[in-house]
């Protein structure tokens, strides 16, 4: 489904859904605000009637959120699941929201050129809801303006009864107090309900914009050019979704924090002027004006610091993403400490700024907290000094009004913070959307030519003067099979990248005569089933599908997978071999029925027999009549192609048929024959055997297999956040318990000082007729005592905020470090079964909550709790009759809260858990952008795949906010009733303490309401802490260091002999690597003995062999034979289930992983470079000199290439600096620097041409002459010179002997493999018709 397929309801018939193509739409900007989608597009989020529960509700139900009752009721009975969230309004779905914003920004869904700025498009998107929120905010603000007025008149009516002779502002009748009480109740109720609907409307407005922005960001990700991706790192792109769009929502859902404070301050100032006169109000205004430059300074500092925090967060998440994507590689090279240092260095910069922001906020919160009492002190001083009579009505109403100016200022400060974050985020999104995009290659109708490039000059970065391709002239007729060959770095991949617009065209013309698909040199797969990866959004055609499976040599693999083609593929194909990944990637391309097929080295990762099968059955036969462009190093197939393009230094050096090139003196067959000669030298002439034809595999599966699910579903905690979570949280930081204890003492002390100050204000105001110099019974001035207590209170407020901020920040920083260390030490099986997005969610969203939000939320909760305790004690002492209703209300509050918290907690956890698939979807698109674009599948991911996971996530968010409003409505009703009952008590009371009692009772009601909300928010935020604490308990690998390491010499292993004794190995299941329960000790891997009765679970079965010192061993075997598992056991990525491995007589289970992995080096099958300098990629610990590095580069045949770079060793490696072959050579340079005693070469030559492969083998033979070398290879000639050959099959060692001895036995596995290689790699000299 594309966005264009979304339509709007017809005005003529609401039951008839029509589709309106965007290009034919006449919608105006005003109409676009009301664009809706057909309900039929969102059935997964609708009830059976097709109408959401909110839409189906009547006016009364909507007013009081009664339509949410069912969800709250169900959540109180049992834990909620995603299946319970069946009602999600269609206009809020991803597709609907994206359609509106895309139309506003681009004009139509197909366009990539904006018609207006992002800022203006977003404004058009939210403006109606925005203005409505402002209106509701004004209605709600009237409650706060009228509150002090009602308080004054109510207290005056009480004073009139206590002292009838006292002069008041007016004379009150017997029923005026009751009228005031009822009026106050109604105003408070209306204002409260207006605020609830303000937040609900703002939430929907912001949620819709966030979903739309996510979709637009995803569309942009899939169109970013390689140069743009070099500027926007993976971490930045992920943060746009996890952080920036959230910041946009956070401001939009309550925009009144910016505008409403001015209305409230104005209203309260007018009220104060009516009591105190404009002179004193002028003094108050002067005090408030002094704070304006303070606010301006705070805003500037906050803006700059926030921008820096986001920048460092981007960098940290980017590095974390690189680590997680390459965790296996990092463990093999023992680079965990190097990554910990680089991530911690960025984190240190980030934490310094977070501290700055926190203490800045701490200071401003303290300032706004003690500003009202200080202003009250100044006000009362001048008021009494200038002859004013200070009465309880005046004193407490003035304090309430001044307090009402404090809260708007605090909200304004919060609004500035939110607006600043939203502004920075919007600017980042806008900058990202302006990045360079790939070129769309023109497709034309050309009956003669499928590909036509004229005088093409191409560059990966147009800002440089370097061209990756020069003077390219290429014409490929329809139906032709073109082979592209050339040495490493000659421009082969750049040439095919030009056909899909991946590389930028500097000049020239390029046209395609049909649709195109492409397979990359490094296979990209989705975390989905095998079938979903092959279909790739296309409908399932069983006949074609089975033919594709057969042609791509996948039938046997389907037999061995747990659930055949319905087996789940792990992230980045982690549970597949390199050959399987490439063949599935090939099948995906072949299944697409298009005109042009472009294959970038699909044969290098498979053995010769499979390569021949794929070439003959798939490329030649199945795709016969199609245009095929094949980049390959397998020169034996060149005689069978129609035409050959030979690349050299970014140019097409030759373009002709095989015979024409042979006639011109370019003899490819001699290169192949040179390799085959080495095979024949080892094979006795009398025993050369013909290879049998590949047997057809059975297509049908035998028996019913279990569901082939690899990754486990993320567990959602149930019930309340346990006490152990709070205790673990408090104990996480050094001296954490002490800091939290001192902070609580400061909170209590501040409340005591506040009680004393308010008590003396009451005594002062009731001591009528006295001036500002009046003294109490102790002979001390009331004013001085009042000032003393206020000063102590202000000081303690500052101390408590600093202590709390310090404690929470230390805890947050400590938990991040613990999480990072835990992930670095986790078992490899954990990463094989856990999506990367799930882990990144902990480091991004959850960590942000702890860094930026918990300080504020915890502080608010503790403050409200202390206010309630203070009010309870005060009321008990001064007005005992109010204790009963106060306790009753408290019970009602907590019963309602307990009833509500169960569903709210489940929904928040569901929201957190469901965010991981959203991030994973973005991660997939970042990694597979070129494939997605080549297949023209951008709309599939943006309009189909993303909405599925995003709507689940935002449905949980939607319902979480809805039940919050459900709670808010009920709490506000109870609070309003308390105001009514308290006012009624004041009308019946004749106490002189009525003012203080009424103030505390009313303030406690608001504190109680806010405490319930902040407690809920705090518990939900503690869920983030719980999720981080959970991942600090993942099972760890064996210790990095052990005491036995000290017994090893620095040169270990120096003899380099390997002894495998009855080695059995199985991979751990997802359940075995899940985080341990709380309060349990983290488990580490240990060698253990298992029951071997069920041998089907094991990938290595009883391998026993001895490898002599400095012996060169070749390891061969079919896919699934156990070659990679053999390497995994040697590096202890997976612990042996039974048996042992000894290196130089030392059991590797008895030593630390650091010594083991430092003593062994590997050149992996899939080369990997990190987004760091060339130097760092070779030497991350900085222990080698420049001369050593240049020497290694020279021996790896990279010196010339690196020397030609402007920054040489300091050149930053991006995605396209180096070809895949050059990356492989860089891996060779790494192991040359390490100089380990044991070297593993795991298909290291798969991405190299034969000549370069020969050079590498020569370098290895020379450099590692004194080392033991184990070489895993599909190319038999790569290992034919080995001292001995190991042949693995089905996890067993079936043969191990010298190549010559094995070839003497015609029926040996190795003899058959060599015969296959000779047959399949010999050039086919028959000329194509």
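Please read every residue number as a count from 1 along the shown chain.
Just so you know, glycine gets a Cβ as well, placed from its N, Cα and C.
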Notebook entry, point to check: To which of the residue ranges 603-639, 640-676, 677-713, 714-750 does TrEMBL assign the term region 'Disordered'?
Noted result: 677-713
Item checked: Feature transmembrane segment in TrEMBL, mapped to one of the ranges 947-966, 967-986, 987-1006, 1007-1026 -> 967-986
Next item on the list: Scan 283-303, 304-324, 325-345 against TrEMBL and say which stretch is down as transmembrane segment.
Entry: 283-303
Item checked: Non-local residues, at least 6 beyond the ends, that sit with Cβ under 8 Å of the transmembrane segment (357-380) -> 276, 280, 283-284, 287-288, 291, 294, 298, 301-302, 305-306, 309, 390, 395, 398-399, 402-403, 405-406, 409-410, 413, 417, 757, 761, 764, 772, 783, 786-787, 790, 793-794, 797-798, 801-802, 805, 809, 852, 855-856, 859
Next item on the list: May I ask for the residues of the chain that lie six or more residues beyond the transmembrane segment (175-195) and have a Cβ under 8 Å from a Cβ within it?
Entry: 63, 136-137, 139-144, 146-147, 150, 153-154, 157-158, 968-969, 972-973, 975-977, 979-980, 983-984, 986-987
Note to self: Considering every residue in the domain 'ABC transporter' (1081-1315), what is the mean pLDDT value?
What the structure shows: 83
Check: the transmembrane segment (130-155): which same-chain residues, six or more beyond its ends, come within Cβ distance under 8 Å?
Finding: 169, 172, 176-177, 180-181, 183-184, 187-188, 190-192, 194-195, 197-198, 201-202, 205, 252, 254-256, 259-260, 263-264, 267-268, 271, 275, 391-394, 396-398, 400-401, 404, 407-408, 983, 986-987, 994-995, 998-999, 1002
Notebook entry, point to check: Out of 283-303, 781-799, 883-901, 967-986, which stretch touches the transmembrane segment (855-877) the most, going by CB pairs under 8 Å?
Noted result: 883-901
Check: Cβ under 8 Å to the transmembrane segment (967-986), counting only same-chain residues 6 or more beyond its ends: which ones?
Finding: 64-65, 150, 154-155, 158, 177-178, 180-182, 184-185, 188-189, 192-193, 195-196, 199, 879, 881-882, 885, 889, 892-893, 896-897, 900, 904, 994, 997-998, 1001-1002, 1005-1006, 1008-1009, 1012-1013, 1016
